[in-house]
């Protein structure tokens, strides 16, 4: 996937939040386990922050050009 190596073109930071044990966060945990290493290898200076906190709803935050966006993640619809 070509987009993996171009995260820093438009984004300044990517932050993924999820609960370590909640079933609602299982897809977010699986995404991080499968993709974090490749994303960091292809974007070594780009900040990809992983935040695990008990009871947190899975969410993806992106910062770009002075703005922030958030997407609440739930269910196994991505991977």
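Cβ coordinates are placed from backbone N, Cα and C, and glycine is handled just like the others.
Taking the Cβ of residue 19 (disulfide bond) as reference, residues of its chain lying under 8 Å away and at least six apart in sequence are, in sequence order, 25, 52, 53, 54, 55, 56, 57, 58. Residues or ranges marked as disulfide bond by TrEMBL: 19-53.
The annotation domain 'Ribosomal protein/NADH dehydrogenase' is assigned in TrEMBL to 20-75.
Note on the domain 'Ribosomal protein/NADH dehydrogenase' (20-75): mean pLDDT across this stretch is 91.
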